[in-house]
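Asks: Questions regarding the structure given below will be posed in turn.
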């Protein structure tokens, strides 16, 4: 017998109660970082993008809609949203109602990946939150904030959880059929685009003069938000293999290649047809590229990412610049940030192109089995045309399902809220904007932080009495 010396593992790799055998410290660390990157896309990313992209009088309201949604979704998510979306199956589109708050549950291994449920709950939360914040983009400049406070938990509970369970849960009906949605092209972007457009229909339009002229109050600030959104997509798509894998690396690279290609395509079209390079247009092109690659990020090759970028920079450009101006319905619905084009159209496009370009081997790396994940182009190439056609059919079925769910549920949610509070602010309040909604303004016009409308009737926090004024008790009010 040979003498074999066993070297014990370093202390930092030894198993213990806080670091069980199934836990991968590297995967867990990356998953938390990826979740944080996605969270930064919303807070502060979309907060400052919205705050800079709207008219000055709506900067506070637009930013606050995003901040409120982020906080409200988290509380709803741990109390019931996560288990409805990823818990045990109740029906093919919904999980069983339960909380995600007890340590016995949170410290167990998640349904996928070598990390605990607590990590998965947080990771999935930031995706749910950004979906609501994207919907807000269609409603900026007129929605009653109290109505928005009701809309967020209701829509999360009865729309987002349906779609998330159906497509992402291991027991969801579309998941078991074999739909490919790598990181949320359907669950997040198609859903938010359709829901935002539907909600905009029910809320009604901005003031006519705001629709005709709605200049960004700070394009540089808007670009800072767009930059956070772009870089945050590293976590958005790179976190969905649930491991620090080669597929995660490919997803990250494809994401940025597609976004850059889409931005350049949109920019070239703007210059060709309008004669000027628009920075706002470039941001739109960046977003459509990021959206389109999302369902495909880790299951397509690099050349396909470039083709998808060319499509996402041109087709949504065409629907926004040409079709929108000729469509009575699109003209009627006031979609402030063009969420329908940048997320619904780009999300549909990404889902269909995924069905064409999905590489069977890359699908194996992501899903852990070949099954029938075959893009149509590879079906022709490998003699599996039936599987390729089937994949396209499932991708199209997913689009129909997501659109129907969001149109119906969003409409019901808006009609219910309308029975409680008005969906739209009054015309008088819309003339004023932030100060009417919140009693606060984004920018001081003069002095050391003094507001233009000092001691306005709308303010509750910023107004102070003059030093010389007497209080009821007869003393002077002291200025600190």
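The backbone N, Cα and C atoms fix where each Cβ goes, glycine too.
A TrEMBL annotation is a machine prediction, not a hand-curated record.
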Asks: From the ranges 182-204, 435-457, grab the one TrEMBL calls transmembrane segment.
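Replies: Feature transmembrane segment in TrEMBL: residues 182-204.
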Asks: With TrEMBL as the source, identify the stretch among 89-107, 279-297 annotated transmembrane segment.
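Replies: Going through 89-107, 279-297 one by one, TrEMBL gives transmembrane segment for 279-297.
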Asks: Identify the transmembrane segment range according to TrEMBL, selecting from 248-267, 368-387.
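Replies: In TrEMBL, the transmembrane segment feature sits at 248-267.
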Asks: How about the transmembrane segment (147-170) with the transmembrane segment (303-323) - do they touch, taking at least 3 C-beta pairs under 8 Å (6 or more apart in sequence) as contact?
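Replies: They are not in contact.
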Asks: Against which stretches of its own chain does the transmembrane segment (392-421) lie, if we need a Cβ under 8 Å and a gap of at least six residues from its ends?
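Replies: Beyond its ends, the transmembrane segment (392-421) has Cβ neighbours at 144, 146-147, 150-151, 154-155, 158-159, 162-163, 166-167, 174, 177-181, 186-187, 190-191, 194-195, 198-199, 202-203, 348, 351-352, 354-356, 376.
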Asks: Tell me if the transmembrane segment (63-83) touches the transmembrane segment (279-297). I count contact as 3 or more CB pairs below 8 A, with pairs 6 or more residues apart.
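Replies: Contact between the transmembrane segment (279-297) and the transmembrane segment (63-83): absent.
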Asks: Sort out for me which stretch, of 29-51, 63-83, 121-140, 216-236, 344-367, has the most Cβ pairs below 8 angstroms to the transmembrane segment (182-204).
Replies: 121-140
